[in-house]
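Notes follow the structure.
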Amino acid sequence: MSAKAISEQTGKELLYKYICTTSAIQNRFKYARVTPDTDWARLLQDHPWLLSQSLVVKPDQLIKRRGKLGLVGVNLTLDGVKSWLKPRLGQEATVGKATGFLKNFLIEPFVPHTQEEEFYVCIYATREGDYVLFHHEGGVDVGDVDAKAQKLLVAVDEKLNPEDIKKHLLVHAPEDKKEILASFISGLFNFYEDLYFTYLEINPLVVTKDGVYILDLAAKVDATADYICKVKWGDIEFPPPFGREAYPEEAYIADLDAKSGASLKLTLLNPKGRIWTMVAGGGASVVYSDTICDLGGVNELANYGEYSGAPSEQQTYDYAKTILSLMTREKHPDGKILIIGGSIANFTNVAATFKGIVRAIRDYQGPLKEHEVTIFVRRGGPNYQEGLRVMGEVGKTTGIPIHVFGTETHMTAIVGMALGHRPIPNQPPTAAHTANFLLNASGSTSTPAPSRTASFSESRTDEVAPAKKAKPAMPQDSVPSPRPLQGKSATLFSRHTKAIVWGMQTRAVQGMLDFDYVCSRDEPSVAAMVYPFTGDHKQKFYWGHKEILIPVFKNMADAMKKHPEVDVLINFASLRSAYDSTMETMNYTQIRTIAIIAEGIPEALTRKLIKKAEQKGVTIIGPATVGGIKPGCFKIGNTGGMLDNILASKLYRPGSVAYVSRSGGMSNELNNIISRTTDGVYEGVAIGGDRYPGSTFMDHVLRYQDTPGVKMIVVLGEIGGTEEYKICRGVTEGRITKPVVCWCIGTCAAMFSSEVQFGHAGACANQASETAVAKNQALKEAGVFVPRSFDELGEIIQSVYEDLVARGVIVPAQEVPPPTVPMDYSWARELGLIRKPASFMTSICDERGQELIYAGMPITEVFKEEMGIGGVLGLLWFQKRLPKYSCQFIEMCLMVTADHGPAVSGAHNTIICARAGKDLVSSLTSGLLTIGDRFGGALDAAAKMFSKAFDSGIIPMEFVNKMKKEGKLIMGIGHRVKSINNPDMRVQILKDYVRQHFPATPLLDYALEVEKITTSKKPNLILNVDGLIGVAFVDMLRHCGSFTREEADEYIDIGALNGIFVLGRSMGFIGHYLDQKRLKQGLYRHPWDDISYVLPEHMSM
């Protein structure tokens, strides 16, 4: 959603902070909020003026006409305010059809004034600009301001100056107040623009001799501008409309939505309701709600929501478990229904999202059975067969009744089944597997089809009979612009269209190339890509079986210069970059069409794009769209889904039906419906779900009217806006003569007691004429073919098509099979069609899922269990969860081996490298490369040597004598500095810990007996730290209970123990590197006097 209402308190706080005007605004920041939890003593301490002034009190919960409802207390003392609040605060009230609790009130100073000092001011956004309304008689009885007020349109990118205000708005205002009003309205408009408001109303605005008072205020801001206005807005709150509570679950889903690139929405309508929905797609979610309400389920509909934009399995799981948790809290005598619906996805992996839902169903299978929940599923899109399979499987394994349907079933048919209006088929038709389409594309003969390169009736000149006409039922203000109806160029795309793709969207580009290939285009439609975050290079793609290279440019200018044949740009930039990149694109005259995919571009910026596009003669599709498709010619990005859907919906060749919709998912559903009921799609465009799409329904309908190959037009309209009325006008005035089938979704909105913002930003009616019901009625009366519901849309399309065929306007042609396109390896593997031995294997770590996993343990569990470094090392090195004492011992080993001064070879090398100006990694590596048999490598050797002696059964004295006889050193014995008289405290600390905590220490005991023998000969032949760690580690591996004897011996043999020294000493080496850098030590050169130069005598003579 884009425009969101804010509370009066928030609106005034922002206005008082940021408005710039010469008018003296009084009572700045004088307001106090009261809730049922308010501490009055604290309130009086924070707002002492409450005791000294007369007061006004009113609810601040987005309630209109509070004065007429008796919800404003005027000219009261503080005690009077308390008395007035007593029967109201926390109590239930009914406002229109909505019933809710009054729990948020605003107290302000009372302003004595006369009726003549009250004025009305309102600013609101439209496509063309911002309207400023002013009426010289404000207050409770202002009446119909649209009819009475002075109105001034400030066009996009234009400024409002005080002289225009005086001339056009303050015509009837008192002369002595014109100056102050003009200054205030000018400042108010600048404030409105700067903080991205979409609606701002002050009634009354009171102007007295003391200055300006803002008594009542209502406002909406563009929530998508948060990234621009965050500093000024702060943490702004968006309260729910009166009559609907704010639930923590809604806030949780909103938080998930904010953290995700996908779209996740949830609105609770009736938590005790019987019918729950979990629908994929903004448009589809509205259609399902419509159908439920049409079939009499409005009072039982529990929620509205949608998920779209390819959420991950984990995100879908979180969304699903929230809904399942809500619906299993209260029982219903008739059981409950969960509708998991959706249109045909364009790029969302249905199997991945369904696996998240399946996880949630498994987690809640007990409560679901207890509450007698029946689930109905219908979905299509990439890998949907696998998604439906796992959904059906979970029904069998859990015993929950789950009815599963695919694209062979009409999208909303499951609603009728769920509510008992139509039978549930025992065995629905089985859709072909994804791979079947690709391996045998010509197998389906369900629809007669033409060649791939021409429409059925491209060459026919017969004009279609005009649609039947009737008197239009349009409100006078429904068509704001009186300009004549004119279309832009009728052809946006052809078989030779070339495009540049902005963004590293390799999957979308490959999809476009596969579409081009299956349409038998001569060349790929993507000429180049632009991506500012890399240097110029080439990206590899497939053209059928052949690999090709597509250039990627860092700068758009280079791409345009080297590809002058390009006239389309597909913009995949993020919502933060989409505006700037689109503005830059329009500087190049070669570009005639731009598709903006991003959702969430602020409306004010979109209007600037529209204005510049009109000046440049550029057609914009979007924002917030999947794009469009012209079968046999060109497709934008992910439109039409993957190849299986392209082939199933016959999108590889043109038909005779053109459509335009707002929703990307619903456009794919139209592809499916049209392919099943007619000869197929000629062209289809999804203009996007924002309130101000770059191109409108009428722009494309007029193109279709002027395109000979299009014989009938389908429009899927939507609640919000008045664009559909232009179609009515076009039909009645004879500008549109081809048959038009139209249905506006969102009819359910009129049945809800409180306002619901649907999935698309523009799907909200701001006046009666913007409702879907009003628009459908007007279209019907204008002579457009309007079904009774979306359920009947396919039947109406088929009826109109068959009539055109019967009259010879359309002549179906023979199908020509498309070429076979190979399947990508990655997708074939995803579908389970192929297998290949992996080049690498790993068993310690998995980063592919929602969270990192160490040897089977999620990272969250690692921290929850406080496993520490020792525990993590146990997981990654040994794939075992070690006992607590073992983890502690490992950490102690790392501590005692961390460093042993700068004189040892490894530290010395590190210091030399650091002083030579080398980087951290180079310096560390030079130190590590000295580790071997002479330095630090004794851990493994000592462990092996002592283990072999102990396991062979020879006594310590025999072992010492044997090593002496063989002339070998005993590894782990001896120290240059430490001796039995000067013990190494590191050894002592570890030895005491091991003896105290280890269950058994036979090898350590053996080594200590050896030490007694060696020190008796020479005091420095002690068991050193390497030797102690080596033998103690063997004891730990053998006796901690986590390893078999074979596993313990294997870890010793493969050199695991030397890893302890390497890991520990790395900390010290890094310390030495940082120390030298911090001390700013220069290049080291060894002094001559410390080098003995020994040269051959004959060379020195």
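Glycine is no exception: its Cβ is also placed from the backbone N, Cα and C atoms.
Remember, it's a predicted structure, so these values are computed and weren't measured experimentally.
Taken verbatim from Swiss-Prot:
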- His760: active site, tele-phosphohistidine intermediate (ACT_SITE)
- Lys58, Arg66, Gly67, Pro109, Val111, Glu118, Asp216: ATP binding site (BINDING)
- Asp257, Ser260, Ala262: Mg(2+) binding site (BINDING)
- Gly309, Asn346, Thr348, Tyr364, Arg379: citrate binding site (BINDING)
- 441-457: compositional bias 'Low complexity' (COMPBIAS)
- Lys540: ubiquitin cross-link (CROSSLNK)
- Lys546: ubiquitin cross-link (CROSSLNK)
- Lys554: ubiquitin cross-link (CROSSLNK)
- Tyr131: phosphotyrosine (MOD_RES)
- Ser263: phosphoserine (MOD_RES)
- Ser451: phosphoserine (MOD_RES)
- Ser455: phosphoserine (MOD_RES)
- Ser459: phosphoserine (MOD_RES)
- Ser481: phosphoserine (MOD_RES)
- Lys540: N6-acetyllysine (MOD_RES)
- Lys546: N6-acetyllysine (MOD_RES)
- Lys554: N6-acetyllysine (MOD_RES)
- Ser663: phosphoserine (MOD_RES)
- Tyr682: phosphotyrosine (MOD_RES)
- Ser839: phosphoserine (MOD_RES)
- Lys948: N6-acetyllysine (MOD_RES)
- Lys968: N6-acetyllysine (MOD_RES)
- Lys978: N6-acetyllysine (MOD_RES)
- Lys1077: N6-acetyllysine (MOD_RES)
- Ser1100: phosphoserine (MOD_RES)
From modified residues Tyr131, Tyr682, Ser839, the one whose Cα lies nearest Thr348 (citrate binding site): Tyr682
DSSP three-state assignment for Tyr682 (phosphotyrosine): strand
Inter-residue Cα distance where the pair is Val111 (ATP binding site) and Lys540 (ubiquitin cross-link), in Å: 71
Shortest C-alpha distance to Asp216 (ATP binding site) - which of the recorded positions Tyr131, Ser263, Lys546, Ser663, Lys948: Tyr131
Closest of Gly67, Pro109, Val111, Ala262, Tyr364 to Tyr682 (phosphotyrosine), Cα positions, binding-site residues only: Ala262
Max pairwise CA distance, angstrom, over record-listed citrate binders Gly309, Asn346, Thr348, Tyr364, Arg379: 30
For Lys546 (ubiquitin cross-link), the one of Tyr131, Tyr364, Lys978 that lies nearest, given that the recorded positions are compared by Cα: Tyr364
Distance [Cα-Cα, Å, rounded] between Ser260 (Mg(2+) binding site) and Lys1077 (N6-acetyllysine): 42
Cβ-centroid neighbours of Mg(2+) site Asp257, Ser260, Ala262, 8 Å, sequence order: Leu256, Ala258, Lys259, Gly261, Ser263, Leu264, Tyr307, Gly309, Pro311, Gln315
Rounded to the nearest Å - Cα separation of Asp257 (Mg(2+) binding site) and Lys554 (ubiquitin cross-link): 31
Chain-internal residues near Ala262 (Mg(2+) binding site), provided their CB is under 8 angstroms and they sit 6+ positions away: Tyr307, Ser308, Gly309, Ala310, Pro311, Ser312, Gln315
Candidates Tyr131, Tyr364, Arg379, Lys978 (recorded positions) - the one closest to Lys58 (ATP binding site) by CA: Tyr131
Cβ atoms near Glu118 (ATP binding site) (within 10 Å, other residues, all chains): 22
Among Ser260, Ser263, Asn346, Ser663, Ser839, which are recorded positions, the residue with the most C-beta atoms within 10 angstroms of its C-beta: Ser663
Neighbour-count leader, CB within 10 A, recorded positions: Tyr131, Tyr364, Tyr682: Tyr682
Using Cα positions only, nearest of the binding-site residues to Tyr131 (phosphotyrosine) (Arg66, Gly67, Val111, Glu118, Tyr364): Glu118
Integer Cα-Cα distance in angstrom, Tyr364 (citrate binding site) to Pro109 (ATP binding site): 53
